[in-house]
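Written below as structure tokens is the structure these notes are about.
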């Protein structure tokens with residue numbers, strides 16, 4: 001376990017030194033605090049970023065999905081809310097029993113409850129990346145049935161609780177969950193070993209956004225319904241823009 005945490009720490013430094021190429025659509029301009037600070041919108045997107053990512057939405061999958069949803073005029077407006085600041089996205093929290101801190105899970109629950117109480121007519125979609133997926137796995141099961149019914153869909157990228165929770169979020173309909181686990185991403189197999197595949201999920205955000213839009217389209221505008229069939233999926237590995245030298249470094253993690 002100690003070696004794996006050291007690997008994560010080293011990886012954080014390398015990911016800063018050799019970031020993936022992100023265009024303006026992916027970086028976006030949302031503060032990630034729209035629910036707390038702004039007016040109610042027809043749709044609320046709640047997202048938990050990956051470990052070490054800055055801000056409330058992070059700088060990869062969160063802003064990309066947020067901006068895709070905001071660009072869909074048919075939704076009538078979207079409030080994007082990141083989980084934080086109690087969720088610090090620290091590396092060490094990955095080793096906790098729930099894959100993140102209790103403070104992070106409780107904060108996410110409070111945001112879902114805030115969306116439902118402040119904006120009773122809003123429809124909710126959610127997501128998480130890496131440690132952020134553990135935040136969603138921890139928060140959603142304990143929500144009231146009324147709030148769960150308001151959630152149209154949840155997208156999880158590089159799901160660190162995929163194996164532990166059986167490819168689902170407990171006590172939540174499987175047809176409302178879309179899991180992206182790239183080939184070779186070992187965190188999806190229940191480990192803390194991070195490989196290059198864990199950084200490929202920006203390539204899946206367009207598909208994930210469209211899926212959330214489809215989920216919203218199937219939900220009535222002011223109320224929501226839940227169901228129980230399964231549609232959780234795995235995504236193929238996509239090419240990373242990092243150097244071959246970095247890839248070689250990753251290949252030695254498990255040795």
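All residue numbers here begin at 1 and follow the chain in the order shown.
From the backbone N, Cα and C atoms, a Cβ is placed for every residue, glycine too.
Pulled from Swiss-Prot, these are the features on record:
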- 130: active site, nucleophile (ACT_SITE)
- 185: active site (ACT_SITE)
- 198: active site, proton donor/acceptor (ACT_SITE)
- 220-255: compositional bias 'Low complexity' (COMPBIAS)
- 40-119: disulfide bond (DISULFID)
- 66-80: disulfide bond (DISULFID)
- 181-188: disulfide bond (DISULFID)
- 51: site 'Transition state stabilizer' (SITE)
- 131: site 'Transition state stabilizer' (SITE)
Least surrounded among the recorded positions, given as 51, 130, 131, when other CB atoms within 10 Å are counted: 51
Listed recorded positions 40, 80, 130, 131, 181, filtered to Cα within 10 Å of residue 51 (site 'Transition state stabilizer'): 130, 131
Disulfide-bonded residues clustered about residue 198 (active site, proton donor/acceptor) [Cα within 10 Å; pool: 66, 80, 119]: none
Neighbour-count leader, CB within 10 A, disulfide-bonded residues: 40, 66, 188: 66
Separation of alpha carbons, residue 181 (disulfide bond) and residue 80 (disulfide bond) (Å): 24
Of the recorded positions listed as 40, 66, 130, the one whose CA lies nearest the CA of residue 181 (disulfide bond): 130
Packing count at residue 119 (disulfide bond) (other Cβ atoms within 10 Å of its Cβ): 19
Residue from 40, 119, 188 whose C-alpha is spatially nearest that of residue 131 (site 'Transition state stabilizer'), among the disulfide-bonded residues: 188
Distance [Cα-Cα, Å, rounded] between residue 66 (disulfide bond) and residue 40 (disulfide bond): 15
Cα proximity to residue 188 (disulfide bond), best match among recorded positions 40, 119, 130: 130
